[in-house]
Amino acid sequence: MSKPIQMEKGVKYRDADKMALIPVKNMPTEQKEVLRKPEWMKIKLPASSKRIDDIKSAMRKNNLHSVCEEASCPNLAECFNHGTATFMILGAICTRRCPFCDVAHGRPVAPEAEEPKKLAKTIQDMKLKYVVITSVDRDDLRDGGAQHFADCNREIRALNPEIRIETLVPDFRGRMDRALEAMIDNPPDVFNHNLETAPRLYRKVRPGANYQWSLDLLKKFKEQHPNVPTKSGLMMGLGETKEEIVEVLKDLRAHGVTMLTLGQYLAPSRHHLPVERYVPPAEFDELKEIALELGFTHAACGPFVRSSYHADLQAKGEEVK
């Protein structure tokens, strides 16, 4: 019997090392056959540009992170060229080890106290009008990092009074009430928490998470802040059925969620969960129509849609796909 990996504090574990720590052994760490990408998934990525280099430089200068880079998002160049970025606070090491995600796992260091001020100044320097703030899971913190979110919101608005802030939060497992209380006075303009997949697949896709808990988090935030839109997103192509996705959409509406993102799952490496199916664009269009019929005010649905993809346009209700 092999010895478990002894994690060192502050060290990033990725790919095979990260997957070896998954407690649920119901998937291979390396898939034997990789589905070939269909034509609609083959896009030419934009070349690097001064705008991309400037954003990366600003983040490096202040020791900030973007989920765009840490999670290897395929839309990085497009979003950076558009002048938008999703900042990832509380470090770049996650206490969870979800097998779909490319963010590193490990034992994170203590949050940087000056990060909210650095983030606010960077956003001011970049002249952003809409910003998305997300984080790794921080199960090592008493409030899951919620107070840090609130501090970031406060500092960002102090330097950028006209800005709109969207927060894409973790589930604050076991700390929901404490987390919501921490954010009570400094809520975002859009509150986003992703369900990611159908409840049947949670054990495989989101080990350690709970479907109903995530729904309750969205509902309780909405009850506290009825004028703040709530938002959630799902990945397609992990083995779910269309019927299961429709049921999730109904659950989201029953818990007050009005904004939705649906996108194609892409495996970050051969060590991650494999893509079970590439969902045709027409199916995304059909699900969008269903979502609007169910009462979502905005639904961004398409192969390359991600939860923060053109989030500024999503918040305005413009077409995103």
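Just so it is clear, glycine is given a Cβ too, placed from its N, Cα and C backbone atoms.
So that you can see what the record holds, here are the features copied from Swiss-Prot:
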BINDING   C68, C73, C79, S308  [4Fe-4S] cluster 1 binding site
BINDING   C94, C98, C101  [4Fe-4S] cluster 2 binding site
DOMAIN    80-297  domain 'Radical SAM core'
### Query
According to DSSP, does S308 ([4Fe-4S] cluster 1 binding site) fall in a helix, a strand, or coil?
coil
#### Entry: Number of other Cβ atoms within 10 Å of the Cβ of C101 ([4Fe-4S] cluster 2 binding site) across all protein chains
23
### Query
From the centroid of the CB atoms of C94, C98, C101, the recorded [4Fe-4S] cluster 2 site, which same-chain residues not already listed sit within 8 A by their CB, in sequence order?
R96, R97, F100, D102, V103, H105, V136, D137
